Amino acid sequence: MSDIAPVTNTPYIPPTPEVGLPLWLLAELTYRCPLQCPYCSNPLDFAKQGQELSTEQWFKVMQEAREMGAAQIGFSGGEPLVRQDLAELIAEARRLGFYTNLITSGIGLTEEKIIAFKEAGLDHIQISFQASDEQVNNMLAGSKKAFAQKLEMARAVKRHGYPMVLNFVTHRHNIDRIDKIIELCLALEADFVELATCQFYGWAHLNRLGLLPTKDQLVRAEAVTNEYRARLEAENHPCKLIFVTPDYYEERPKACMNGWGNIFLTVTPDGTALPCHGARQMPIQFPNVRDHSMQHIWYDSFGFNRFRGYDWMPEPCRSCDEKEKDFGGCRCQAFMLTGDAANADPVCSKSYHHGIITQARDESETATQTIEELAFRNDRNSRLIAKSS
């Protein structure tokens, strides 16, 4: 299309071919958010983070990433809608040739903004829900108006020709109503539905005892989802259901981000560049886009090279015949659960720390924590956590 600028520079190809291109750029525009979901993946101390990047600084990030081969950009947060320059950022990403995603709670979205984003060239909008039940949704979101606003905006997104992509984070307090969740999605004429069981990073890790479903809950929920899949397929229905399980019930770890610094690059609101959105908590000095080019960050910085390849691996990963499949699992999870990011992901049954995972499974069977007892993601709690750390 004539309104898209071609990538004028040939992508830099590193001397070590095992380093992939940063194809997927996650632009965390802000940590500000009107909601306070207790499973948010943002850092616990988000309230103390530095000043947000300016419009021009984000333009530079996108330009440099595109020149390196980045193809897709996700605008996320916090809530990206609080940025007044969001339409400008979308338009620039479109001009550069990115496929553009907006990942939003829908709070703050209006029909006028949807039209403006469409004109700017936005390709895709994903709206998240907390539950199919208004009371539970609003309790988890920390807003009495959240559910009604989400419904209204989901319908508006559909009216304006976007594929309707809905995301439900499931956990022990809503997973038993997964049939109601799917029915709501069908009523909204969703094209894609991600039923993503809570992943335990950030605030979700803090609240794990009150969020991790039991194994029986997961088995039932997946069975219900499969029944709906079969029915939809028989009816030739276009809606696709994606069921994401927590790796706490697996015996082998996920190949997190397809390998550290291999395909995925996050830039946080203050410009810190990360190989995944959870890596900020590690005791590693990650580079900042204010100080370094994206090329230096991706290929030369210590933070992005720390866990590339296999030479860093201790046992049991070093001699494992599965290391090329899972890269030792998730470095952030290894750090959170064992205190050392170089350890094998405790999800793996070969890990010396696998007992941490089996203990969490056992605890889920007797957990009694209510929604009201969860630590909600808000400025007050974040400041308290930052002060005590």
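Glycine residues also receive a Cβ, built from the backbone N, Cα and C atoms like all the rest.
As written in Swiss-Prot, here are the features:
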{"type": "DOMAIN", "residues": "19-234", "note": "domain 'Radical SAM core'"}
{"type": "BINDING", "residues": "Cys33, Cys37, Cys40", "note": "[4Fe-4S] cluster binding site"}
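For the recorded [4Fe-4S] cluster site, residues Cys33, Cys37, Cys40 set the reference point as the centre of their Cβ atoms, and the other residues of that chain within 8 Å of it by Cβ are Leu35, Gln36, Tyr39, Asn42, Gly78, Glu79, Ser105, Trp203, Arg377. Within the same chain, residues at least six positions away from Cys33 ([4Fe-4S] cluster binding site) with a Cβ under 8 Å of its Cβ are Cys40, Asn42, Gly77, Gly78, Glu79, Val82, Ser105, Arg377. A simple way to gauge crowding: the CB of Cys37 ([4Fe-4S] cluster binding site) has 24 other CB atoms within 10 angstroms, across all the protein chains here. The number of other CB atoms found within 10 A of the CB of Cys40 ([4Fe-4S] cluster binding site), across every protein chain shown, is 24. Model confidence over the domain 'Radical SAM core' (19-234) stands at 96, taken as the mean pLDDT rounded to a whole number.
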